[in-house]
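Peer 1: So that we are looking at the same thing, I have put the structure below in structure tokens.
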């Protein structure tokens, strides 16, 4: 037996690494714009589907109210149901227009707030009625409306924090409902609260599971498996979004087009496996230079694009200096890896769309390549750097 097997040391467990990997399941603050956009679409589409379902079924329940309760109580319930149906239908009509997380929160909050409000309004007069058998059944069902809301959270890709905040809000509604009872029953309240936390726990786990699955699918579809950078298709979506945001808010946006010099020689002389390792090394070095809001895209082959939101011409030098400091790694022969870089800034270059930004950066990259490689060219002389990697 190989003695090295006895000396094998298991990988060390780091709590900070665990939170870095799974922290996005507990809170939304570390989500990338790409994840936020897709999550907002999923939440909005599910709110729309559920709202349409409730807009149809909620008024139909009025038939049971008619047979279970006396006038004017069934009339009040019918009025509440019609108002709820109108709101549900409005949410259905609006959901397709809301594609960012802020509006997705509004849609979800609007839909989930209807049952608790219905519960708070109907509960005071239902507890004092002499009810038939059917009325008692329906009244009991109405008391479970807050639980339905908490259980409904489980079908959305939410973080633990988001689900807990929604659950606590519903728990407050339950407490208010208990205060409306003619006699406060502590044992009953404890049972209800315990059940609420059980349902909330299941919803938290379900929401985190859906979110993890969604993020995994998005990363598999949108990220290059070799380098970890975004694919060109996903990068184009992100660039289009950032261009529209910057154009609307009049904020700067910078694009860097990077082409690795003489990369074909690595594949030809050392094999594609060595070329793949070089690409992975390059992307690793570039990631070290980026902020959380920046995005690295593998544009194709040995070409990379870096998107730098809120970065003006005056601040591009800081980025280029970070790249020059970290470098791109080494070639198989030990010499430094170099690149030709073209830089475009939205406001300085007065680009009309993101395609024009890519075109200008690409032209400057070719200018750097044709003038000797290992250079960068930008909209200002400060970005024109000879001997980029010393």
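For all residues, glycine too, the Cβ spot is worked out from N, Cα and C.
Curation does not apply to TrEMBL; its annotations are automatic.
Okay, these came from TrEMBL:
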type: TRANSMEM; residues: 47-67; note: transmembrane segment
type: TRANSMEM; residues: 73-92; note: transmembrane segment
type: TRANSMEM; residues: 104-121; note: transmembrane segment
type: TRANSMEM; residues: 133-156; note: transmembrane segment
type: TRANSMEM; residues: 163-180; note: transmembrane segment
type: TRANSMEM; residues: 186-205; note: transmembrane segment
type: DOMAIN; residues: 251-381; note: domain 'GGDEF'
Peer 1: The transmembrane segment (47-67) and the transmembrane segment (133-156): do they have three or more Cβ pairs under 8 Å, with pairs 6 or more apart in sequence?
Peer 2: yes
Peer 1: Among 73-92, 104-121, 163-180, point out the range having the most Cβ pairs under 8 angstroms from the transmembrane segment (47-67).
Peer 2: 73-92
Peer 1: Mind checking which residues of the chain, 6+ beyond the ends of the transmembrane segment (104-121), have their Cβ under 8 Å from one of its Cβ atoms?
Peer 2: 39-40, 43-44, 47-48, 50-51, 54, 80, 84, 87-88, 91, 94-95, 98, 142-143, 145-146, 148-149, 152-153, 156, 166, 170, 173, 176-177, 180
Peer 1: Check the domain 'GGDEF' (251-381) for me and report the mean pLDDT.
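Peer 2: Averaged over the domain 'GGDEF' (251-381), per-residue pLDDT gives 93.
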